[in-house]
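Notes to accompany the following structure.
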Amino acid sequence: MGTNVQVDSASAECTQTMSGALMLIESLKKEKVEMIFGYPGGAVLPIYDKLYNSGLVHILPRHEQGAIHAAEGYARVSGKPGVVIATSGPGATNLVTGLADAMIDSLPLVVFTGQVATSVIGSDAFQEADILGITMPVTKHSYQVRQPEDLPRIIKEAFHIATTGRPGPVLIDIPKDVATIEGEFSYDHEMNLPGYQPTTEPNYLQIRKLVEAVSSAKKPVILAGAGVLHGKASEELKNYAEQQQIPVAHTLLGLGGFPADHPLFLGMAGMHGTYTANMALHECDLLISIGARFDDRVTGNLKHFARNAKIAHIDIDPAEIGKIMKTQIPVVGDSKIVLQELIKQDGKQSDSSEWKKQLAEWKEEYPLWYVDNEEEGFKPQKLIEYIHQFTKGEAIVATDVGQHQMWSAQFYPFQKADKWVTSGGLGTMGFGLPAAIGAQLAEKDATVVAVVGDGGFQMTLQELDVIRELNLPVKVVILNNACLGMVRQWQEIFYEERYSESKFASQPDFVKLSEAYGIKGIRISSEAEAKEKLEEALTSREPVVIDVRVASEEKVFPMVAPGKGLHEMVGVKP
């Protein structure tokens with residue numbers, strides 16, 4: 001078939017014979033894919049040839065890492081799988097960080113990589129890399145296609161695997177000759193995946209055990225993770241917490257799963273969590289974890305974590321239950337379905353009046369804080385508060401990793417699900433800007449703010465060109481402290497102020513750099529300038545880069561030092 005010949009899904013089923021590349025395009029249409037993030041190259045040219053005039057929207061980043069992080073942002077906000085294409089060799093290996101990020105944060109991606117022709121696989125051919133071997137630890141599943149007829153079945157399976165159970169990335173490696181050879185197309189394959197049957201319905205006996213545990217607990221607390229968001233269970237979590245009057249703490253990735261202004265909300269738990277959330281986890285007698293995996297950044301020293309508590313762990317991934325914490329009440333199932341079942345049980349509320357009194361006292365005595373002294377420079381915490389104020393709390397906030405990420409989590413109270421896009425488990429610098437692009441493409445009318453540091457921003461700043469090309473109204477707010485802030489903080493506290501390679505001796509002019517990309521750039525150095533310029537920038541429908549000079553020696557508090565328990569926080573008060 002020639003380059004410009006169009007074959008829609010109906011005619012494809014009728015004619016049956018087509019190239020592997022066209023099978024890929026038609027399969028994506030069957031899966032109702034609307035958007036692809038990709039970067040062409042030699043091994044995927046047959047695919048890009050069939051993509052031409054296919055009707056599918058393709059986003060061309062300026063680096064493959066930008067493609068996969070944008071796909072992550074798209075998946076996180078839309079709930080749909082992000083689709084990525086990259087060529088063989090370096091194109092494929094440039095995706096590894098994004099795959100690892102999506103794997104640990106449970107984001108559904110379907111990633112297509114080109115490969116050298118089957119006849120030269122294993123010969124160190126030009127741009128050959130064993131991408132299956134390289135990515136096996138960081139993908140939920142992976143395939144290498146050897147016959148074009150297998151492509152529709154494999155793609156159908158890949159979307160199913162990526163989006164069911166615990167979501168994750170699936171990689172499909174396509175040799176160039178497989179993309180050009182013709183074969184019979186059919187998308188009517190029955191799904192047959194022996195050994196892959198995710199459990200969504202909970203065991204009734206375990207539900208009863210949990211109901212009984214709640215009725216007898218004096219100090220219950222819920223730890224809600226990203227599994228609540230992946231399961232679209234925010235409303236059920238709120239209803240269950242209110243029904244049983246159980247306070248709720250969140251992991252970093254779980255923010256937005258429970259309204260931050262709710263009386264039962266304790267805040268974020270963990271290394272930079274609130275005093276109340278951390279002490280609640282330390283002192284509770286029943287801990288109900290929902291869609292959280294007891295990451296070390298949440299638990300602190302395990303010897304001290306929830307030391308007197310019975311642990312109930314609700315998770316769709318049975319491999320997570322008992323992996324870190326000994327669990328007395330394991331519940332395998334989808335968070336939404338499990339919570340619906342718990343609500344139906346309408347168990348007896350525990351007598352936790354003294355517990356609630358204690359939590360209220362902690363909230364009153366130990367709020368999040370910072371010293372608002374502008375002689376030390378414009379405080380980044382105040383900047384985040386202004387962003388919240390000027391966006392009315394309705395923005396989608398995408399961040400990089402570091403101090404600015406923690407301040408965003410602490411001082412931008414999220415009321416709704418799917419407004420918070422960040423790299424949690426892997427902690428990937430350079431994530432924020434491309435993820436914001438993906439989020440904006442998923443929600444075209446939303447206000448999307450990329451909050452980044454001056455370090456991480458420079459890892460993927462070339463994606464500004466995508467923002468300009470598509471005229472996306474992304475707002476990029478750079479917390480510019482002229483250093484790697486979190487690294488500098490650790491060096492100050494734990495390494496006797498030996499600031500080894502954490503301060504930037506020189507930097508580009510970010511305003512001029514933005515203007516070179518055709519994007520408006522503004523600079524803010526004080527609270528007065530923030531009041532004057534920030535609201536207009538954040539409420540416009542044009543892309544803007546905002547370079548904010550913030551206090552360089554500001555630290556993120558509270559903080560749990562490595563090896564310490566959650567109750568051993570430092571910096572809980574000025």
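Cβ coordinates come from backbone N, Cα and C, glycine included.
Per Swiss-Prot, the features are:
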BINDING   Glu64  thiamine diphosphate binding site
BINDING   Arg166, 272-293, 315-334  FAD binding site
BINDING   Asp454, Asn481  Mg(2+) binding site
REGION    403-483  region 'Thiamine pyrophosphate binding'
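What Swiss-Prot annotates, mapped onto the structure for a quick look.
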{"residue": "Glu64", "record": "thiamine diphosphate binding site", "contacts (Cβ under 8 Å, 6+ apart)": "Tyr39, Ala86, Gly91, Ala92, Asn94, Leu95"}
{"residue": "Arg166", "record": "FAD binding site", "contacts (Cβ under 8 Å, 6+ apart)": "Ser106, Lys140, Pro198, Gly227, His230, Asp315, Ile316, Asp317, Glu320"}
{"residue": "Ala277", "record": "FAD binding site", "contacts (Cβ under 8 Å, 6+ apart)": "Ala249, His250, Leu266, Gly267, Met268, Ala269"}
{"residue": "Glu283", "record": "FAD binding site", "contacts (Cβ under 8 Å, 6+ apart)": "Lys219, Asn308, Gln358, His567"}
{"residue": "Ser289", "record": "FAD binding site", "contacts (Cβ under 8 Å, 6+ apart)": "Ile222, Leu223, Gly225, Ile311, Ala312, His313, Ile314, Asp315, Met325"}
{"residue": "Gly322", "record": "FAD binding site", "contacts (Cβ under 8 Å, 6+ apart)": "His313, Pro330"}
{"residue": "Gln328", "record": "FAD binding site", "contacts (Cβ under 8 Å, 6+ apart)": "Ala213, Lys310, Ile311, Ala312"}
{"residue": "Asp334", "record": "FAD binding site", "contacts (Cβ under 8 Å, 6+ apart)": "Thr200, Glu201, Gly231, Ala233, Ile316"}
{"residue": "Asn481", "record": "Mg(2+) binding site", "contacts (Cβ under 8 Å, 6+ apart)": "Pro380, Gln403, Gly453, Asp454, Arg549, Val550, Ala551, Ser552, Glu554"}
> Using DSSP, would you call Gln328 (FAD binding site) helix, strand or coil?
Replying inline: coil
> Across all chains shown, how many C-beta atoms besides its own are within 10 angstroms of the C-beta of Asp454 (Mg(2+) binding site)?
Replying inline: 25
> Does DSSP give Ser289 (FAD binding site) helix, strand or coil?
Replying inline: strand
>> Can you tell me whether DSSP puts Arg166 (FAD binding site) in helix, strand or coil?
In response: coil
> Within 10 Å of the Cβ of Ile316 (FAD binding site), how many other Cβ atoms are there?
Replying inline: 26
> What mean pLDDT does the predicted model reach across the region 'Thiamine pyrophosphate binding' (403-483)?
Replying inline: 98
> With DSSP helix as H/G/I and strand as E/B, how many residues of the region 'Thiamine pyrophosphate binding' (403-483) fall in helix, strand and coil?
Replying inline: 37 helix, 15 strand, 29 coil
